[in-house]
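Noted in Swiss-Prot for the protein shown:
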| type | residues | note |
| --- | --- | --- |
| ACT_SITE | Y185 | active site, proton acceptor |
| BINDING | 40-67, K189 | NAD(+) binding site |
| BINDING | S172 | substrate binding site |
| MOD_RES | S33 | phosphoserine |
| MOD_RES | S69 | phosphoserine |
| MOD_RES | K79 | N6-acetyllysine |
| SIGNAL | 1-19 | signal peptide |
Amino acid sequence: MNLILELLLLVGIIIYSYLESLVKFFIPQRRKSVAGQTVLITGAGHGIGRLTAYEFAKQKSRLVLWDISKHGVEETAAKCRKLGAVVHVFVVDCSNRAEIYKSVDQVKKEVGDIEIVVNNAGAIYPADLLSTKDEEITKTFEVNILGHFWIIKALLPSMLRRNSGHIVTVASVCGHRVIPYLIPYCSSKFAAVGFHRALTAELDTLGKTGIKTSCLCPVFVNTGFTKNPSTRLWPVLEPDEVARSLIDGILTNKKMIFVPSYINISLIVEMFFPERVLKAINRIQNIQFEAIVGHRTKRK
């Protein structure tokens, strides 16, 4: 096919894609069933991970819950069991590659293949760069992105054999735009968004269209990891709201899940703004939270 025909085909694909998106906006999408499917959720002892586990329990999924906190993950499991779910609990440090591989092997032996994985475990240390300890930077990347690599490397082979599965990357709006005093966190979330996009492209190239991918990108979430967050333009979300949006995105095979959904439009528009305008938006937005600046805790 010559270049002109390929370009015409590209135009056709663009028009079709926009029309399809328009139709999906007005017509509710069909939701797939995840009843009976085995779902692995990391960071399930708190916040978004815990509430996501509840949502999957309501969908009658079989749950494998990971968290570094035994108390937290056991609390989540107890509620999920009350909702009628079969639950398997593992205490796992998602910054430890050897522990991840060992735990995946244990899951395969005791539970079987994982059909849906939600890489949710996260770490955040609000501080200016010079006040951030080296080990905090390392931990942020180990949990927020390297752990994703080790988990997916361990789980992907069985998904490839079946040409079936769903890989969910929990990132953040901070994976698309930056916030001061969160340099390691923003950097790790940019990496997580890149991981999702690159993995999606690779699976498509391999022809493994049965393996779905989703990436969750919420704004500030009131999980307690960032103290006293506030902002003028973006809402501070509750974990249950984010979990409901996440499960809806998974059930409709949505690639990128922004919460709230209009953030996607905001990010697209901002791409066309000069730096001076973006700085003005940041001032108006007035994002604040407790952070260590100059080795002292301040509200920034």
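Cβ atoms here come from the backbone N, Cα and C positions, even for glycine.
A simple Cβ count within 10 Å picks out one of the recorded positions K60, K79, K189 as the most packed, and that one is K189. The two recorded residues K189 (NAD(+) binding site) and S172 (substrate binding site) have their Cα atoms spaced 6 Å from each other. In the three-state DSSP scheme, S33 (phosphoserine) falls into the coil class. DSSP classifies A44 (NAD(+) binding site) as coil under the three-state reduction. Here the modified residues are S33, S69, and the one whose Cβ sees the fewest other Cβ atoms within 10 Å is S33. A separation of roughly 27 Å, to the nearest angstrom, links the Cα atoms of F56 (NAD(+) binding site) and the residue listed as 'active site, proton acceptor'. In sequence order, R50, T52, A53, L65, W66, D67, G72, V73, T76, N120 are the residues of the chain that are 6 or more apart from A44 (NAD(+) binding site) and have a CB within less than 8 Å of its CB. For the pair Y185 (active site, proton acceptor) and L40 (NAD(+) binding site), the C-alpha distance works out to 23 angstrom. In sequence order, the recorded positions near K60 (NAD(+) binding site) (Cα within 10 Å of its Cα) are S33, drawn from S33, S69, K79, S172.
Of all the Cβ atoms in the protein chains shown, 27 others lie within 10 Å of the Cβ of F56 (NAD(+) binding site). In this structure, the C-alpha atom of S33 (phosphoserine) lies 18 angstrom from that of V64 (NAD(+) binding site). A gap of 12 Å separates the Cα atoms of I48 (NAD(+) binding site) and the residue listed as 'substrate binding site'. If you measure from the Cα atom of S69 (phosphoserine) to that of L40 (NAD(+) binding site), you get 16 Å. The local packing around Y185 (active site, proton acceptor), expressed as other Cβ atoms within 10 Å of its Cβ over all shown chains, amounts to 28.
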